[in-house]
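The structure appears right after this line, and notes come after that.
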Amino acid sequence: MSFVGDSRNSPAKPLTTDDDLPLFNNSKQMELQKYQKPTVSPTLAELLMHVDDAQSSPVDHRVVELGYGCSSLPSSNPFVLCFNDLTYGIKIRKKMGSIPFSGKKGDEMNANGVNTKILLNEISGEAREGEIMAVLGASGSGKSTLIDALASRIAKDSLKGTLTLNGEVLESRLLRVISAYVMQDDLLFPMLTVEETLMFSAEFRLPRSLSKTKKKARVQALIDQLGLRNAAKTVIGDEGHRGVSGGERRRVSIGTDIIHDPIVLFLDEPTSGLDSTSAFMVVKVLQRIAQSGSIVIMSIHQPSYRILNLLDRLIFLSHGNTVYGGSPEMLPSFFAEFGHPIPDNENKTEFALDLIRELEETPGGTRGLVEFNKSWQARKNQRTGFSMKSNLSLKDAISASISKGKLVSGATNDSNLTSSVPTFANPFWIEMIVIAKRSMLNSRRMPELFGIRLGAVVVTGIILATMFWKLDNSPKGVQERLGFFAFAMSTTFYTCAEAIPVFLQERYIFMRETAYNAYRRSSYVLAHSLISIPSLIILSMAFAAITFWAVGLAGGLPGFFFFFSTIFASFWAGSSFVTFLSGVVSHVMLGFTVVVAILAYFLLFSGFFISRDRIPPYWIWFHYISLVKYPYEAVLQNEFDYGTKCFVRGVQMFDNTPLGSVPLSLKLRLLQSMSGVLGVNITGSTCVTTGRDLLEQQGITDINKWNCLWIIIAWGFFFRILFYFTLLLGSKNKRK
């Protein structure tokens with residue numbers, strides 16, 4: 001939001017976002033702005049926190065041509081980010097063919113045939129508060145790599161060079177707190193509105209000490225700053241739901257990362273895929289953010305003439321080398337001295353990029369332009385002779401910003417610089433509440449997802465209930481009960497496979513938010529574990545209620561509740577297992593393949609197809625890690641562990657044998673003969689096999705049903721813990 005007028009004499013009057021854009025300025029505003037001295041717009045945090053004594057000084061838009069490094073800092077720029085000799089390469093074992101010139105040292109190959117491809121070669125420069133620094137170059141020139149290097153998204157051991165803020169080495173932890181990174185892709189929840197998306201971001205980034213009213217005011221001010229007032233109540237949308245436009249979506253992505261008023265803002269091609277008007281509006285928003293007291297660094301492929309006028313500093317890259325570094329105004333003189341003057345009617349950046357591309361295709365590549373840039377920078381530094389240095393240390397600069405209301409994420413003036421800015425804005429339980437609320441709101445607007453899963457469980461239950469209707473206690477009924485339990489328990493795990501795309505859809509949103517400490521990974525895991533429980537209870541109750549009474553299972557009401565508990569524990573363990581796999585496997589189809597295969601193995605070794613004592617010793621370990629084993633054994637004990645209940649009587653001994661079809665009289669005579677031989681009276685109604693005998697035949701005697709239930713629940717917690725460590729180790733979002 002911009003302000004015009006002297007705040008000491010009259011209150012500042014905010015202009016709307018459209019008024020800030022040249023396309024929408026009326027003539028009176030243009031005349032007024034023509035005669036007024038430009039001032040820095042107060043940060044939105046200042047407005048929120050009512051820091052009346054905060055004085056905003058004019059932005060010094062002088063462009064001082066500096067060479068490599070940061071030798072001079074004007075006092076009007078409290079924050080200056082300097083990078084010196086940044087070098088980064090990746091190792092490729094396959095021998096590369098000949099490529100154009102790609103650096104001072106080029107691609108190097110050691111004795112072992114490992115080729116090191118240099119992506120950044122001694123890149124140096126600086127970015128200042130109140131300015132936009134743009135990184136340009138063709139595809140593969142190293143733009144995104146440089147942005148990642150500056151944003152500490154490259155492993156420390158892999159990146160060479162120094163990164164300083166106000167002359168002090170910038171720690172990765174501190175940078176994550178005071179900066180924000182906007183990815184090239186717009187990663188947003190599709191069923192949330194623009195206002196809700198920014199409000200959830202505010203609840204993550206802004207401290208608990210800030211009232212709900214001030215958080216809402218921050219969001220409303222940001223909506224105006226981003227020019228999103230007309231789209232505030234519109235959902236983001238996706239392929240199946242109509243939502244905001246591409247330019248509006250991009251501005252929402254920026255808004256979610258600047259809600260806490262960062263000192264440094266990194267953007268990876270924010271204008272990619274946008275039309276010229278939308279791209280200009282995005283960069284115009286970035287200019288306002290810079291003028292509110294931030295350093296803005298972005299990569300851009302090919303800026304238009306209007307966008308070029310908004311940029312303060314340019315770095316052109318070619319195969320990881322700097323071919324130009326300076327202001328847009330100096331481009332004509334630079335290329336004129338190089339021997340390739342820019343025509344008057346030509347777009348300066350387009351001419352430069354085309355010339356660089358032509359040079360890359362020549363045998364010498366851009367070596368000559370790289371060397372000329374070095375000498376040109378050195379001559380410029382000698383001519384300017386600018387040596388004024390800032391008196392502000394990093395601690396003092398951050399303290400000054402905090403006193404003005406910058407970094408409303410909860411920073412305090414502390415003697416220790418690292419502790420003056422908290423790692424996380426809120427305690428973990430607040431983060432859990434916000435994550436859970438956001439997830440439930442997004443799910444509630446897509447009820448078809450849970451509805452389809454509930455429908456699948458209900459249909460499966462109805463099919464099983466009708467197929468196994470009122471089973472008797474005959475030997476054949478026993479076999480049918482075993483089949484019912486095996487299929488029912490495995491089905492509960494297979495229906496959990498829908499959890500795979502859930503996290504995969506949120507994966508990159510999660511990585512973006514946690515990379516810059518929006519919330520803890522543990523908060524995410526705990527929140528999603530808790531909010532999954534109500535839906536699992538509904539699914540378990542539906543399945544148990546449909547099947548238990550229809551099949552005729554034993555145990556009465558206590559038996560039903562244990563059957564329900566086992567189904568719920570199976571859903572819990574299966575959901576946790578699939579969630580863990582979704583954190584390991586990053587592709588939906590591959591995830592489904594892995595889940596289906598592993599669940600099939602679990603069923604094979606569960607003890608249904610082959611009893612435990614018949615499993616080969618070298619596979620017995622798989623039997624004990626099978627998730628299907630424990631619920632299968634639990635429900636079998638719940639059904640058969642009754643000493644007084646008989647399942648095989650005298651004449652039923654011959655069922656399922658060749659003698660099963662002989663007349664009853666013959667069966668009775670056979671029983672009399674057997675009684676004489678065995679010395680035991682066996683009649684046609686004598687109980688031969690009880691439920692406990694069946695459990696012994698199945699090899700289910702080592703763990704009672706309650707212990708099986710606790711083991712299933714423990715498996716669920718175990719996989720949730722593994723999921724946490726998967727996120728902790730696998731979502732660093734850094735290059736190596």
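FYI, residue positions are counted from 1 along the chain as it appears here.
In case you wondered, yes, glycine gets a Cβ from its N, Cα and C as well.
Positions annotated as domain 'ABC transporter' by TrEMBL: 104-344.
Among the features that TrEMBL reports, region 'Disordered' is placed at 1-22.
Under the heading transmembrane segment, TrEMBL lists 450-471 (among others).
Per TrEMBL, the feature transmembrane segment maps to 483-504 (among others). Listed by sequence, the residues of this chain that lie at least six past the ends of the transmembrane segment (483-504) yet keep a Cβ under 8 A from its Cβ atoms are 449, 452-453, 456-457, 460, 464, 468, 471, 510, 528, 539, 543, 547, 551, 566-567, 570-571, 573-575, 577-579, 581-583, 585-588, 591-592, 595-596, 599, 602-603, 606, 608, 627-628, 631-632, 635-636, 639.
Here TrEMBL flags 525-551 (among others) as transmembrane segment.
Outside the transmembrane segment (557-581) by six or more residues, the chain places 488-489, 492-497, 499-500, 503, 528-529, 532-533, 536-537, 539-541, 543-545, 548-549, 591, 594-595, 598, 627, 631, 634-635, 638-639, 705, 708-709, 712-713, 715-720, 722-723, 726 with a CB less than 8 A from a CB of the stretch. Summarising the annotation, TrEMBL assigns transmembrane segment to 557-581 (among others).
Taken from TrEMBL, the feature transmembrane segment covers 588-610 (among others). Within the same chain, residues 482, 485-486, 489-490, 493-494, 497, 500-501, 504, 578, 581-582, 619, 622-623, 626-629, 632-633, 698-700 sit at least 6 positions outside the transmembrane segment (588-610) and bring their C-beta atoms closer than 8 Å to a C-beta of that stretch.
If one looks beyond the transmembrane segment (709-730) by at least 6 residues along the same chain, the residues whose Cβ comes under 8 Å of a Cβ in the stretch are 510, 514, 521-522, 524-525, 529, 562, 565-566, 569-570, 572-573, 575-577, 579-580, 583-584, 627, 630-631, 634, 703. TrEMBL lists 709-730 (among others) with the feature transmembrane segment.
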Averaged pLDDT, computed only over the residues in the domain 'ABC transporter' (104-344): 86
